[in-house]
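S.K.: Take a look at what TrEMBL says about it:
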- His455: active site, proton acceptor (ACT_SITE)
- Lys55, Asp313: FAD binding site (BINDING)
- Gly184, Gly185, Gly186, Tyr187, Ile188, Ala189, Val190, Glu191, Gly272: NAD(+) binding site (BINDING)
- Cys46-Cys51: disulfide bond (DISULFID)
- 9-328: domain 'FAD/NAD(P)-binding' (DOMAIN)
- 349-463: domain 'Pyridine nucleotide-disulphide oxidoreductase dimerisation' (DOMAIN)
Amino acid sequence: MEQSVKAHYDFLVIGAGSGAMGASRRAAMFGKKVAMIENKVIGGTCVNVGCVPKKVMFNLASFLEDAHVISDYGVKGLDKLELDFGHFKRQRDAYIKRLNGIYSTNVKNAGIDYIEGFARFTSPKEVEVVKGQDQPIERYSADHILIASGSTPEEGTFEGREHCWVSDDIFKMEELPKSAVVLGGGYIAVEMSQILQAFGVKTTLLIRDVPLRQVDSEVVDNLVENMKKLGLDVKLKTPFTKVTKDQDSGLISVHTTTNEVFEAEKVLLAMGRPPCVRGLGLENAGVEVLPSGFVKVDENHFTNVPGVYAIGDVTNHEQLTPVAIKAGRILAEYLFNGRTDLQMNYANIPTAIFSHPPIGYVGLSEQQAIAKYGADNIKTYKSKFTNMFYSLAAEDKKKLGTLFKLICLKTDDGQEKVIGSHAIGRGVDEMMQLVAVSINMGATKRDFDRTIAIHPTASEEYVLMDPKLYF
Ligand SMILES: Cc1cc2nc3c(=O)[nH]c(=O)nc-3n(C[C@H](O)[C@H](O)[C@H](O)COP(=O)(O)OP(=O)(O)OC[C@H]3O[C@@H](n4cnc5c(N)ncnc54)[C@H](O)[C@@H]3O)c2cc1C
Ligand SMILES: NC(=O)c1ccc[n+]([C@@H]2O[C@H](COP(=O)([O-])OP(=O)(O)OC[C@H]3O[C@@H](n4cnc5c(N)ncnc54)[C@H](O)[C@@H]3O)[C@@H](O)[C@H]2O)c1
């Protein structure tokens, strides 16, 4: 039986992840009647199966890796460390549950209606929500509808894909496998392969070409060297063809174009995140998508259908939590607070990859800068060194490399405008935020040179790269 529209909203948001939170809470601040629809767990990818549980795992992995060095400082017993993974998982999951509770409270306090179920457009102004089995479908209408449905792990179409885990499965893992093969060379493959290796899982990282193509190639070389020092079996230029499973042993084999076979208890697929649009009924609203499947939006996150918008991972922009949140807030300001002057700035977005040690970057790599401006117009400064943390490390292989690069565009006044920084080393994930502020303010190499160093730190290298004596 056809249900009548249950409620009409000023702003109806599909999803309850990072972008949805940013948009809906800001819209509610302006007194709008707002609802969000979520078919999984409040908080979306970042809180439940992304940044947050990953960072907690990274923290533990970093401690376990650092323990090998700290033992050379004279601390006894660190070689006998034993990880109670079950305890760790329970603690991590409890933390996520607390965060879910905080999100729910925030939504409630903001006066936003939280609707559980799967949303599907029936027309440009109406959405139906499919709830559990035997529950009636609910219908909602709105003046403005936001698609903030995020992305989902690429599942692949190759033979044997059903034997593989995707990143969501890593967070469900109750106990650690003895061995793993990770397929991919992006953020997730780099982060997860190092976390697994640090947890004591014998891990192989198989990369079609090279890792992190968007990152400066020298920084990537440094990453690969560090991975090898940490015992990770990393294979570059090794595309895989298929995956098979031995029914007796349960072991999974990855076959490659190089005619090698890599066997492990678990195989993790980390090959990108396509947009979550399946079943959303975009065709009923007439919303256009790009050939890649991402929802097509203009610079204000408007789709081709008046009153329908999209932000975050479901669009063809950087798939990062702060990007989704900011786009959501700006959209709400635009729609409900008359701030039509505001526009998301997608240039110079800083980011970190939580490898061990981490990578951070903002702006152009040296290779991208040369391609854009020509080699004659670019001057790159670099500092390659061993962090003092490793000063007491007994073996060279424990000393992980650090590389900072400042990429500058030559200017007529000779001050050299900083247009990028790519770096790997302890703490660069924290440093890069402020390097990004300086670049967004238009910093020049002279600004870095005239800044006094903080000693002894790694970050001081940022102001000590071949400095001219400016004050
Ligand atoms: C393993 C991993 C690690 C990451 N680490 C980082 C990191 O360190 N830093 C960082 O900045 N970013 C990180 N990211 C990326 C980050 O999580 C995403 O960019 C961010 O969550 C995108 O936010 P969003 O609002 O667009 O989508 P999401 O957070 O994915 O939210 C979308 C929500 O919509 C819901 N939904 C989808 N379709 C429907 C429907 N039809 N009806 C109802 N609900 C629906 C989904 O269930 C989901 O909850 C990581 C991602 C992964 C997978
Ligand atoms: N630290 C962070 O901020 C963080 C961490 C994790 C994820 N994320 C976000 O989530 C997104 C998704 O992460 P991801 O690692 O899945 O994707 P990605 O886009 O970062 O990397 C995808 C990788 O898969 C490889 N690949 C694609 N098809 C392949 C094939 N057929 N065979 C072999 N390799 C193949 C690509 O070459 C690439 O190396 C990231 O782009 C990032 O925006 C961010």
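Every residue gets a Cβ built from N, Cα and C, even glycine.
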S.K.: Excluding Gly184, Gly185, Gly186, Tyr187, Ile188, Ala189, Val190, Glu191, Gly272 themselves, which residues in that chain have a Cβ inside 8 Å of the centre of the Cβ atoms defining the NAD(+) site?
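M.R.: Going along the sequence, the neighbours come out as Met192, Pro211, Leu212, Ala270, Met271.
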S.K.: Can you tell me which of these recorded positions sit near ligand 1, meaning the Cβ is under 6 Å from at least one of its atoms: Cys46, Cys51, Gly184, Ile188, Gly272, Asp313?
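M.R.: What lies within reach of ligand 1, judged by Cβ under 6 Å, is Cys46, Cys51, Ile188, Asp313.
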S.K.: Summarise the domain 'Pyridine nucleotide-disulphide oxidoreductase dimerisation' (349-463) as counts of helix, strand and coil residues per DSSP.
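M.R.: So the domain 'Pyridine nucleotide-disulphide oxidoreductase dimerisation' (349-463) is made up of 40 helix, 35 strand, 40 coil.
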S.K.: Please list the recorded positions from Cys46, Val190, His455 whose Cβ falls under 6 Å of any atom in ligand 2.
M.R.: none
S.K.: Please give the maximum pairwise Cα distance, in Å and rounded to a whole number, for the NAD(+)-binding set Gly184, Gly185, Gly186, Tyr187, Ile188, Ala189, Val190, Glu191, Gly272.
M.R.: 13
S.K.: Using C-alpha atoms only, work out the spacing between Asp313 (FAD binding site) and Gly186 (NAD(+) binding site) and round it to an integer in Å.
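M.R.: Distance between the two Cα atoms comes out at 16 Å.
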S.K.: If you count Cβ atoms within 10 Å of each one, which of the recorded positions Cys46, Cys51, Ile188, Val190 comes out on top?
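M.R.: Sorting the candidates by Cβ neighbours within 10 Å, the top entry is Val190.
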S.K.: When you tally the Cβ atoms that lie within 10 Å of each candidate's Cβ, which of the binding-site residues (Gly184, Gly186) has the highest tally?
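M.R.: Of the binding-site residues Gly184, Gly186, the highest Cβ count within 10 Å belongs to Gly184.
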S.K.: Quick one: Cα separation, Ile188 (NAD(+) binding site) versus Cys51 (disulfide bond), in Å?
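M.R.: Ile188 (NAD(+) binding site) to Cys51 (disulfide bond), Cα-Cα distance: 10 Å.
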S.K.: Please identify, among the recorded positions Cys46, Cys51, Lys55, Val190, the one with the smallest Cα-Cα distance to the residue listed as 'active site, proton acceptor'.
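M.R.: So, of the listed recorded positions, the one sitting closest to the residue listed as 'active site, proton acceptor' is Lys55.
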S.K.: In the structure shown, which of the recorded positions Lys55, His455 has the fewest Cβ neighbours within 10 Å?
M.R.: His455
S.K.: Which of the binding-site residues Gly184, Gly186, Val190, Gly272 has its Cα closest in space to the Cα of Lys55 (FAD binding site)?
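M.R.: Closest by Cα: Val190.
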S.K.: For Gly272 (NAD(+) binding site), what residues in its own chain, 6 or more apart in sequence, show a Cβ-Cβ distance under 8 Å?
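M.R.: Residues satisfying the criterion: Glu154, Gly184, Gly186.
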